[in-house]
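S.K.: Sending over a structure as structure tokens; questions will come in a sec.
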Amino acid sequence: MALSPAIPSPHTNSVTAKVKTLSVGNGAASEGTKSTAGQGQELAEQLNEETKRKYVKDKKIGEGTYAIVYLGHLRADPKSKVAIKKIKVNAEYREGLSLDAIREVKFLQELSHPNIPALYSVFSSKNQNLNLVLEYLPLGDLEQLIRDVDGVRYGTADVKAWMGMLARAVWFCHENFVLHRDIKPNNLLIAADGEIKLADFGLARSFSDPYRVMTHQVITRWYRPPELLFGARYYSGAVDIWSTGTVFAELILRTPFLAGNSDVHQLELICQFVGTPNDDNWPGVSKLPDYVPFGKDGSQSYPVRGRDFYLQTFGTVGAVGVDLLMSMLSLDPRKRVTAREVLTHKWWSTDPTPTKKEDLPKKGAGGEARMAEDLKRRAGELDDGRGVKVARILDFSGMK
Amino acid sequence: MCESCVDRIFSQGPAPCPVAGCNRTLRKQRFRAQTFGDIQVEKEVDIRRRVAKIFNRRQDEFETLNDYNNYLEEVETLTFNLLNGVDVSATESKLAEYAAQNAAVISHNATLEYQESASQEARQAAEKEETRLRREAARREDEDERRAREEGRKEILEQLTHSNKNAVEVVKETKRVEVLKRRRAAQQAKAPATATGGGPSTKPSPFIIKGLKSTTALSPEKPYDPFGGLTDKRSYYVLQDHYEHPWLDQARTDPHITAGGYSVKEYCARSMFEAFSGLGVFVEEEVAGRGDASEGSGALDAVATAVAAVKAEGSGS
């Protein structure tokens, strides 16, 4: 009897469950045969059943085109709270699972960090629906706090605390060779204790091997770095740093820093507010596939913005903070700071000290609904009013 | 005393008490309308209020209810003494000494009380007041320090003009004195702080309270760690800045690849990590550990029973 080496213990049998869900296809073929392989299949099913029974779905807290989100709890402990994200079987991926779901499971189950939401378990329910049992994050997301200008007030110490948590999450991903590729305020969920969690790994992938192309159609537009807008197929963790930098700027301004309504507009905004890329400030930029020369034929060319501009616009975080922001928003990805360098920056040790997570400003009501909103959204999309303008269809053709 | 008499005697400022034999100086400001008809009651209320203001310990400061009751009894004895004129001077001095020694506790409890009674807004105002006081104290401290420094400098100048000692010596001498002074001041500042902690104070207190909970000082806050206590140190290898390999050369130099920010370094880090991952895993130890953990074996049992169930089902059908 071939016994699976996976030992089910609370919160760790996601691997087994995943194995099951992913191998459902050939499960149907071997059904009815009483071979040892068939018995193994049934064992996996048993394990899945066991996992499924461990959680209770309490109520639906949101539904989108991509997923349904339930509030649930452990059957053994009614006080515990989990979010169960049930990924809908999708018309586009009838033969298998959607890429987003696979990526999410693949990375969340491996990354265990206080600033990354925990994936407790995975199981499949009827119709081979994939259910992800996730950490319950009731306090909404950072975008809500940023937008609620009248209701929520925060200062530099709070910005520093949030940025610290975000930078740690990004560093941890990069340290484990994972590119997140969708960092934005509404993917930064807030846990009950005020901790920020970098969620939504639907666009994540591990670092590429040399000469292997990656898609440039990632990261929500406002947070997308210039190299991706220029269609770079070979990039690094620097793309996440740009997003982190724009989130940083947004936290200070309380409005998106570079809110372009098309890819070209986005590039124009970058030219205007960060600087026009050319071969001097970014050697080799003209070799990028979708490079458009800005600032040539008559249109205005802006020099790379100096410290004065940043001090004027983002001065509230202090001169040292502005230095950090500038180094994160460097046009040339090779000159951008790495996640590690962000964390070793001296801004963290200058005054003011980051606010303790339990003292961070929060928004009381609406968190649950918001979490549902965030979870049911497909990676790389913005929803409701904002989505109308900036939603886009993901193009994975570059992945092959 | 009637209002017009008060006006007549004290409108010019402080004046001695008109009662024969009482030589206290009284002020008009301190006179107030009588609340109770009986002057005796009025007096008692006054005294009780004063005593309660000083002895304002709370029950949650005591370890047991009994201790708290003993404390209350002792306070009542003091109050009784004051009311009935028993040992008034001794009692007064006890009161004053206690007040001086426990100033911090008293004011702390007073603010607590105030906060509890006041509404939300009032509470916020109190907090503001407290921070103002704190700021003021800090400012005063700064000023004191500055003044001390100024004085020291003046002293040096004076000594330089009046004595025939070597200039360097004079400066050294005054510096030494100053350091001593400062040290003494620091010690003085520390002494009352330890006394108010409720623990055993060095000076025998005239009024010993038993059974006080010892208050523990908060540990100093740790400096902020941007990495959140994690490290990226690998235990089996040290990552080099550069790895020579002809296959990587194009990725390093081709502008089509490098302009997008592709980092060969990241690839090398990953390759190294993957080459060494698993080296810290000792399956035998882990299997042995699994046997010890009851939960693990429980789960194993569960698997075993599940397998048995499946087998039984299979043979049955």
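Backbone N, Cα and C atoms are what each Cβ position is placed from, and that goes for glycine too.
Reproduced below are the annotations present in TrEMBL:
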ACT_SITE  A:D182  active site, proton acceptor
BINDING   A:I61, A:G62, A:E63, A:G64, A:T65, A:Y66, A:A67, A:I68, A:V69, A:K85, A:K86  ATP binding site
DOMAIN    A:55-348  domain 'Protein kinase'
REGION    A:350-371  region 'Disordered'
S.K.: Across the domain 'Protein kinase' (A:55-348), what does the pLDDT come to on average, as a whole number?
M.R.: 88
S.K.: For chain B, which of the recorded positions A:I61, A:A67, A:V69, A:K86, A:D182 fall under 8 Å by Cβ?
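M.R.: Answer, by Cβ distance to chain B: none.
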S.K.: Give the number of CB atoms, excluding that of A:E63 (ATP binding site) itself, located within 10 Å of its CB.
M.R.: 14
S.K.: Starting from the Cβ of A:A67 (ATP binding site), draw a 10 Å sphere and report how many other Cβ atoms land inside it.
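M.R.: Looking across every protein chain shown, the total is 27.
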S.K.: If you measure A:E63 (ATP binding site) to the residue listed as 'active site, proton acceptor' at Cα, how many Å is it?
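M.R.: Rounded to the nearest whole number, the Cα-Cα distance is 21 Å.
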S.K.: Enter the number of other CB atoms within 10 angstroms of the CB of A:V69 (ATP binding site).
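M.R.: Cβ-Cβ neighbours of A:V69 (ATP binding site) within 10 Å number 24.
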S.K.: At the level of the C-alpha atoms, what whole-angstrom distance separates A:A67 (ATP binding site) and A:D182 (active site, proton acceptor)?
M.R.: 18
S.K.: Validating a neighbour-count step here. Other CB atoms within 10 A of the CB of A:I61 (ATP binding site): how many?
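M.R.: A count of 20.
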S.K.: Tell me the Cα distance separating A:V69 (ATP binding site) from A:D182 (active site, proton acceptor), rounded to the nearest angstrom.
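M.R.: Their Cα atoms are separated by 20 Å.
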S.K.: Tally every other Cβ atom lying within 10 Å of the Cβ atom of A:D182 (active site, proton acceptor).
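M.R.: Result for A:D182 (active site, proton acceptor): 23 neighbouring Cβ atoms inside 10 Å.
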